[in-house]
Each structure stands twice: as C-alpha cells, then as structure tokens.
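> Copying in the features that TrEMBL gives for the protein in this structure:
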- Ala3, Val4, His5, Phe6, Gly7, Ala8, Gly9, Asn10, Ile11, Gly12, Arg13, Gly14: NAD(+) binding site (BINDING)
- 1-195: domain 'Mannitol dehydrogenase N-terminal' (DOMAIN)
- 202-379: domain 'Mannitol dehydrogenase C-terminal' (DOMAIN)
Amino acid sequence: MRAVHFGAGNIGRGFIGLLLSRAGYEVIFSDVNDTLVSELRSRKQYTVELANDAKDTEIVTNVTAIDGKNVDEVASAVATADLVTTAVGVNILKHIAPGIAKGITQRIADGASPLHVIACENAIGGSAQLKEHVFALLEEDVRAKAETSIYFPNAAVDRIVPIQHHEDPLHVQVEPFYEWVVDRSQMAPDHAEIEGVLYVDNLEPYIERKLFTVNTGHCVAAYLGYVAGFETIQSAIADEKVVASVRGALEETGAVLVKRFGFDQAEHDKYINKILGRFINPNLTDEVSRVGRSPLRKLSPNDRLVRPALQAYEYGINPDHLALGMAAACKFNVTEDPEVVELQEAIHNEGLAAAITRYTSIPQDHPVHRQILEQYETLNA
Ligand SMILES: NC(=O)c1ccc[n+]([C@@H]2O[C@H](COP(=O)([O-])OP(=O)(O)OC[C@H]3O[C@@H](n4cnc5c(N)ncnc54)[C@H](O)[C@@H]3O)[C@@H](O)[C@H]2O)c1
Ligand SMILES: O=P(O)(O)OC[C@@H](O)[C@@H](O)[C@H](O)[C@H](O)CO
C-alpha cells in the first residue's frame, strides 16, 4: 500500500507519516523543502523521539519523498496512490490542489480504484476545503466521476510537535499523546482502516472540542505569554496570571461545547486539565512564535477565537477571556511572520477597531468587539 503525504514538516513526519508507516504503508512525502526531500529520498527512514523522561525513540521506515514543486511527479504519485493525506497548513491547500487534480484526472482515465484524500490540518472542514480547490480544477466529466470515486473525509488531528532544532533535519521530537479522528460518514463503504485512527460518524464534536480547547488554549497562552515577555508555552503557562486567563478562556469554550454537544461537564473539566498538562510538558520546548503563528488565520471567523466567542455571546456566556486572547493577538509582534506584519500595518493604518472588524468580521457595534477593545486597553495598562 502506498500513501502520498503532502508536507514532510513537523506533524507530517512526527505523526501522520509515523502512523501510516506503522500501518504498513510506503509513505511518499511530497514537500517543497529541498533538504527534507533529498534526505528522505536518500535515507528512506527517520527517527521520532518522544518528549517523555525516557526520550523513547522509534525509527520510521519505508519512506521516501518527491519534489512538491514538480506537478507532474506529484500527479503520477497521486494517480497510483492508495491514500492521500496532507499536513501543509490550511492556507497551503490551494497550492497542492493542481497536482492532486492532475493525479485524479490520470487515475480516473486509468480506471483506478476509489481514493481517500484526508487533510490533517487545524481547521473545520479541512478536507472539504481541499476538495473545493481540487474540484474547481477538474474538467466537468472528470469531476462527475470523481464525485463518486474520490472521497475527502474531514479529520481532526492532535499531537503537539514544536519547531525542531536538531543537527539531523529529519529527526523529530513529539509529545507522547496523539489523536487522529476521521469522519467515516464521508468515506467509501468498504474503506480500509488505518490502525491508530478513530473513525466516527459525526466529526463535529471531535473537531470543535479539539480546536476550541487545545488550539484556543494554546493560542491564548502564546499571545498572553508573548505580551508578558515569555518565549515558550512552557514558561508562559507556568505564570499564574497567564494560566488563569487560559483556564478562563477554556471555561468559556467549555461552556459552549457542553451546551452545543451535551458533553458531561465533569468529563469536559477533566479534558481541560489534561490539555493544560500537555502544555506544561517539561520535556518539550514549544515557542510562542510557533503557537501564535498566522494570527490572521487564528482571528478568522471560523477559527479558535472568534467562533467560540460569538457562540458564547449567543448563549449568554461572557467571552471575556476569549476577548482578552484576541486583544493579545493584536499585540503579537513576531515580525518574521507575514500575517503579523499585515495585522500590525492594518492596526497602524486603519486603527485597531477597523482592523479587528476586517479580520474577525465582528461588526464594530457588536458587544464582543467592544470587549476586545476594552481588553486591549487592559493590556496597555
Ligand atoms: N505541529 C503541530 O503541533 C500540529 C498539530 C496538529 C496539527 N497541525 C497542523 O498541521 C499542519 C502542518 O503543521 P506543521 O506544524 O507540521 O508545519 P510545518 O511548517 O512543520 O510543516 C509544513 C510542511 O509543509 C511543506 N509545504 C509547504 N508548501 C508545500 C507544498 N506546496 N507542497 C508540499 N509541501 C509543502 C513545508 O515545506 C513544511 O515541510 C498545519 O495545518 C497545522 O495546523 C500541527
Ligand atoms: O498549527 P496551528 O498554527 O493551527 O496552531 C498552533 C498549535 O496550537 C498547534 O500546532 C498545536 O500544537 C496542535 O494543534 C496540537 O494538536
């Protein structure tokens, strides 16, 4: 069995590639990073190290790579693959769509078997977004056939993999915990199961619980940690004020999740504590610059801050800590990040109120908008 996985980065090597290799797939990574591609091609294996006290390691074998910049090479790999997965970043999905579309066109012409394409990105409906990009590039007759033979089940993936700083560019350190949940209702009826993946009939509670707990808590810690002068999540979360605000934000998203999905409150409280424990992991060093990266994506209407804050408001839950997180995002000034530069320029040129509306879509007369401005003033003070 062959899997083509887009993105040989942290989660690609440290989680998806590892699980697919363990499950018996030959994993063909497609990446635009020449070093990663040539190292994977020549060595055909790499090491994953667990961030536990024993620093356990596992060698991932049966892997190789192709140049993601070469659309024909990508298309040929997709045309003959048994599975396609991605972990490139949700904003990059449109850039990998041409190779996937060309590969689907080839495999349909060859009469190949049905295919699952699973986007493992931090987003609601990641695979559905990829499908839209891909289908927009297909000829009408191919699109009609692809509708019944190419499946794009949505997924939720959870494993903290920081930026790596090792001599070996392939070595990757990961936290011990992982969870990969795939929406079975969007798959072919006789689909093969990957060991280690949880298949569910309704992904919504899983993806929202993950995104609005792990990722909401993470980015609130990153933004408030940055404002308080901390460089890592581990040092930020050790600060009493930061952790109290993170917990506050997770109580707000938790109240929304309990109402929306009927989760048991006590179970959800345990889930929150478990997530906070993962953030603290002393064997990991996770920089606030990574966790807060792409603030415009994180401030967008369907993402980890705005969506639960507006849902909270609708339910009569005060999203004060989420507003604080959004205010802190507006102070996140890691200038190597193009989204930070754009946000800071917008704040400078249009003013904070207009910039918040532009990126969050929250109108200026909305009470949550007012809360963000108030929290920004609190941070100034
Ligand atoms: N790191 C984590 O803790 C974590 C956990 C869960 C989910 N995620 C999600 O996984 C995705 C990847 O995150 P990451 O941390 O691994 O990022 P990363 O930057 O380490 O990896 C992304 C990889 O994609 C490659 N890439 C970029 N453009 C490409 C293209 N056109 N074709 C092929 N490859 C391309 C990059 O070169 C890089 O190697 C994101 O959506 C992220 O939200 C990350
Ligand atoms: O990858 P992002 O930028 O969406 O979010 C940054 C982190 O919160 C994220 O990568 C987590 O480490 C991960 O989602 C844990 O499962």
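Quick reminder: no glycine exception, Cβ is built from N, Cα and C everywhere.
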> Restricting attention to the domain 'Mannitol dehydrogenase N-terminal' (1-195), give the mean pLDDT.
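Summing pLDDT over the domain 'Mannitol dehydrogenase N-terminal' (1-195) and dividing by its length gives 97.
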> Do any of the binding-site residues His5, Gly7, Gly9, Ile11 touch ligand 2, in the sense that the CB is under 6 Å from one of its atoms?
none
> Do you know which of the binding-site residues Ala3, His5, Gly7, Gly9 end up with C-beta under 6 Å from ligand 1?
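The ones that qualify, in sequence order, are Gly7, Gly9.
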> Within 10 angstroms of the C-beta of Ile11 (NAD(+) binding site), what count of other C-beta atoms is obtained when all protein chains are considered?
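The answer is 25 other Cβ atoms.
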> Going by DSSP, is Ala3 (NAD(+) binding site) part of a helix, a strand, or coil?
strand
> Using DSSP and three states only, what is Ile11 (NAD(+) binding site)?
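Going by the DSSP assignment, Ile11 (NAD(+) binding site) falls within a helical segment, counted as helix.
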> Measuring CB to CB from Gly9 (NAD(+) binding site), give everything in the same chain under 8 Å that is also at least six residues away in sequence.
Asp31, Asn33, Leu36, Ala87, Val88
> Please work out the number of neighbouring Cβ atoms within 10 Å of the Cβ of Gly7 (NAD(+) binding site), leaving out its own Cβ.
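Taking all protein chains shown, Gly7 (NAD(+) binding site) has 26 Cβ neighbours within 10 Å.
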> Long-range same-chain neighbours of His5 (NAD(+) binding site), Cβ under 8 Å, sequence gap at least 6?
Gly12, Ile16, Gly17, Leu20, Val27, Ile28, Phe29, Ser30, Val84, Thr85, Thr86, Ala87
> Quick check on the binding-site residues: of Ala3, Arg13, whose CB has the lowest count of neighbouring CB atoms inside 10 Å?
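Ranked by other Cβ atoms within 10 Å, the binding-site residues Ala3, Arg13 bottom out at Ala3.
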